[in-house]
Amino acid sequence: MTPTDFGFLPIPTRLRYDPDKPFHFGLVLNIAFGFASTFTAANLYYCQPLLIEFSKSFDVNYEQVSQIPTLVQAGYASGLVLITPLGDLVRRRPLVLLLVLLSTTFTVGLSVTTNLRLFEALCFLTGLVTVTPQVLMPLAADLATPDRRGTALSVVLSGLMFGVLAARVLAGVIANFASWRIVYYMAISVQALVLVGAYFMLPDYPAKNINLSYFQILGSMAKYAVTEPLVVQASLINIASSACFSAFWVTLTFLLGGPPYYYSTLVIGLFGLVGMFGVLVGPFAGRLIDKLVPWYATLIATLILSISQAVQTAAGGINVSAVIIACFGLDAARQMQQVSLSTDVFSISTTARARLNAILILSLFIGQVMGTSVGTVVFVQHGWRACALLLQAWQGFQLVILFLRGPHCPRKHWFGYAGGWAARKLVQIETRPGGEPEKTEDGLVQSGGPRVPGV
């Protein structure tokens with residue numbers, strides 16, 4: 001019987017799963033994953049620079065349209081919890097195709113509706129299904145060889161972050177010269193390209209946990225979130241790091257728009273380009289992550305984050321060069337940190353990577369909300385220096401949490417430095433349950449011998 005998607009759509013022959021001939025995850029496919037992440041993640045941020053245009057178009061006040069970004073993010077958070085874990089339960093290829101098809105369809109609705117309530121509902125639904133990058137990241141980890149897993153994740157994450165930064169810039173520029181609806185017409189076009197590309201390039205991969213139900217998957221995700229020391233450690237670091245990142249970029253508008261700079265909105269928007277250059281460094285940092293035990297890669301990234309924030313704390317409100325250095329350093333190091341944490345956490349279980357990834361992304365979301373709200377209040381009430389000092393404290397908190405567990409701390413230990421201090425990652429031969437040799441990364445060295453991945 002010919003393998004199909006959705007029971008009727010034939011899968012191209014070269015993309016069909018064959019256990020005897022593993023699919024080669026090369027650079028072209030890796031970059032395709034990155035582009036897919038860019039054009040889908042952008043859905044979450046197109047609306048942010050368009051709020052004034054929405055208020056004019058729907059003939060309502062600013063307060064009524066201010067909840068649109070919140071609805072998009074609420075939908076995204078719901079998708080992280082309810083949809084992303086499906087990557088551990090069903091085949092990822094049809095899941096990705098369905099998600100992109102739905103997000104494209106909802107974007108068509110956004111581009112044509114004249115009813116604010118319908119627009120808001122579609123914003124929530126669009127956010128709900130815009131979790132394609134979070135399905136692709138664990139899939140990239142599964143397809144990539146252990147010695148290139150960090151690089152593979154870096155490329156996908158670079159695509160995601162590029163979409164986050166580019167969406168605001170593109171939406172603002174387009175809306176400045178044409179109707180805001182053109183932004184969504186563009187979004188429809190690029191998502192249609194992603195859909196076609198996914199059909200002809202995305203390899204089929206079998207479901208992992210066919211013996212589990214959907215609710216068992218959700219329950220096990222909650223269990224991982226509270227019983228795995230490495231997951232808890234990575235989540236706490238993620239929360240603080242995401243809070244710093246979000247607070248910096250949100251308050252940057254206030255800093256650059258006021259004394260001593262008084263920059264225009266257009267000039268302030270150009271600082272996003274500096275962040276984009278930082279994102280482009282990500283894949284090169286991935287090569288470093290592939291060579292090091294993830295703990296050391298996380299340490300390097302966190303130190304760079306602290307140094308970049310220290311530059312901002314010292315002179316961010318005095319000299320614009322400090323702001324530029326901080327923009328670049330924070331973006332580049334934040335990405336390196338997230339990839340190293342993901343690489344480490346993914347090593348816990350090869351069959352639970354979608355759930356583990358969902359936990360990490362939820363921690364990022366929590367940090368984003370915390371940083372945006374707290375950072376804005378501190379900046380408005382106490383000024384840029386107080387806000388920068390708060391972010392510096394959060395950077396220090398990350399180092400404290402990281403140093404609670406050493407680079408080779410056994411998986412179930414909450415604290416300690418057992419296992420030594422070796423920095424280079426070892427790649428060894430392990431055995432699948434069926435006896436077939438498999439190369440796996442020794443990111444977490446167990447004191448009792450080699451680790452065999454399990455649920």
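Glycine is no exception: its Cβ is also placed from the backbone N, Cα and C atoms.
All TrEMBL annotations are machine predictions without curation.
Summarising the annotation, TrEMBL assigns compositional bias 'Basic and acidic residues' to 433-442.
Taken from TrEMBL, the feature domain 'Major facilitator superfamily (MFS) profile' covers 27-410.
Here TrEMBL flags 432-455 as region 'Disordered'.
Taken from TrEMBL, the feature transmembrane segment applies to 23-46 (among others).
Look at TrEMBL and you will find 95-112 (among others) tagged as transmembrane segment. Residues 5-6, 36, 40, 43, 83, 86-87, 118-119, 122-123, 125-126, 129-132, 135-136, 181, 184-185, 187-188, 191-192, 194-195, 198-199, 202 of the same chain, all 6+ positions outside the transmembrane segment (95-112), place their C-beta atoms under 8 angstroms from a C-beta of that stretch.
Positions annotated as transmembrane segment by TrEMBL: 118-140 (among others). Within its own chain, the transmembrane segment (118-140) has Cβ neighbours under 8 Å at 25, 30, 33, 36-37, 40-41, 43-44, 47, 54, 58, 67-68, 71-80, 82-84, 86-88, 92, 95-96, 99-100, 102-103, 106-107, 109-110, 152-153, 155-157, 159-160, 163, 194, 205, 342, 346, 353-354, 356-358, 361, counting only residues six or more beyond its boundaries.
Beyond its flanks by at least six residues, the transmembrane segment (152-176) meets 25, 30-31, 33-50, 53, 133, 136-137, 140-141, 143-144, 182-183, 186, 265, 269, 272-273, 275-276, 279-280, 282-283, 285-286, 289, 331, 335-336, 338-339, 342-343 of its own chain at Cβ-Cβ distances under 8 Å. The transmembrane segment feature in TrEMBL is assigned to 152-176 (among others).
Annotated transmembrane segment per TrEMBL: 182-202 (among others), in sequence order.
The transmembrane segment annotation in TrEMBL covers 230-255 (among others).
If you look at the transmembrane segment (261-281), the same-chain residues 6 or more away from its ends with a CB under 8 A from one of its CBs are 158, 161-162, 165-166, 168-169, 172-173, 249, 252-253, 255, 320, 323-324, 327-332, 335. Annotated transmembrane segment per TrEMBL: 261-281 (among others), in sequence order.
Below 8 angstroms of C-beta separation, residues 150, 237, 241, 244, 248, 285, 322, 325-326, 328-330, 332-334, 336-337, 339-341, 343-344, 347, 388, 391-392, 395-396, 398-399, 402, 405-408, 422-425, 443 of the same chain, each at least six residues beyond the ends of the transmembrane segment (293-311), sit close to that stretch. Under the heading transmembrane segment, TrEMBL lists 293-311 (among others).
Residues annotated as transmembrane segment in TrEMBL: 317-333 (among others).
Under the heading transmembrane segment, TrEMBL lists 354-371 (among others). Within its own chain, the transmembrane segment (354-371) is flanked in space by residues 73, 76-77, 80-81, 84-88, 134-135, 137-138, 217, 220-221, 224-225, 231, 234-236, 238-248, 250, 338, 341-342, 345-346, 348, which lie at least six positions past its ends and keep a Cβ under 8 Å from the stretch.
A contact between the transmembrane segment (182-202) and the transmembrane segment (230-255) is absent, since fewer than 3 of their C-beta pairs, 6 or more residues apart, lie under 8 Å.
Sequence-distant contacts of the transmembrane segment (230-255), counting only residues of its own chain at least 6 positions beyond either end whose CB sits under 8 Å from a CB of the stretch, comprise 224, 261, 268, 271, 275, 298, 302, 305, 309, 312, 316-317, 323, 326-327, 330, 334, 337-338, 341, 344-345, 348, 356, 359-360, 363-372, 374-376, 379-380, 384, 387, 390-391, 394-395, 397-398, 401-402, 404-405, 411, 444.
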